[in-house]
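Enquirer: What follows is a structure written as structure tokens; I'll ask about it next.
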């Protein structure tokens, strides 16, 4: 152990340097967000919990084309189409999404020709059981009704880039 090393050790040079760095950051504003009480703004392109949308007259948008089911890489979407109606259109009888399988890629939303299936703004949907992550048509429509205003605004903001 040399004299220089002994002097540095005795004067605690490294400790003093570390203390200066600590004090420098101590008085700066905190970059951390206090999460449950404060939330950062979400991008209009955010992909969260799925929702099925309705037209303003209350009719569901989904035309049972099954493009979302075909394009889903995780095979998380299951659709059963009902019989053709008098006007020649079809509607879904069953629309299920297995959120355990879903990878939130957004391909279902891009494939939909009528903007029926969208990924909404909600990212807080933790559950206690796996069964709660199997979304049926009623739950997806309820999500769409709950967030319709925000979803429509996000689609409008994203329209120039689509």
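Keep in mind that glycine also has a Cβ here, set from the backbone N, Cα and C atoms.
Straight out of Swiss-Prot:
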DOMAIN    52-82  domain '4Fe-4S ferredoxin-type 1'
BINDING   62, 65, 68, 112  [4Fe-4S] cluster 1 binding site
BINDING   72, 102, 105, 108  [4Fe-4S] cluster 2 binding site
DOMAIN    93-122  domain '4Fe-4S ferredoxin-type 2'
Enquirer: Report, as numbers and ranges, which residues of the same chain sit near the domain '4Fe-4S ferredoxin-type 2' (93-122): CB under 8 Å and 6 or more residues beyond its ends.
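Expert: 42, 46-53, 60-63, 65, 67-68, 70-82, 130, 133-137, 140, 143-144, 147, 150-151, 154-155.
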Enquirer: Taking the Cβ of residue 62 ([4Fe-4S] cluster 1 binding site) as reference, which residues of that chain separated by at least 6 in sequence fall under 8 Å from it?
Expert: 52, 91, 92, 95, 114, 116, 117
Enquirer: Sorted by position, what residues of the same chain at least six away from residue 112 ([4Fe-4S] cluster 1 binding site) have a C-beta under 8 A from it?
Expert: 67, 68, 118
Enquirer: Which one of the binding-site residues (102, 108) has its C-beta surrounded by the most other C-beta atoms within 10 angstroms?
Expert: 108
Enquirer: Among the binding-site residues 68, 72, 105, which residue has the largest number of other Cβ atoms within 10 Å of its own Cβ?
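Expert: Top count of Cβ atoms within 10 Å goes to 68.
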Enquirer: Counting across all protein chains present, how many other Cβ atoms fall within 10 Å of the Cβ of residue 65 ([4Fe-4S] cluster 1 binding site)?
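Expert: The Cβ of residue 65 ([4Fe-4S] cluster 1 binding site) has 17 Cβ neighbours within 10 Å.
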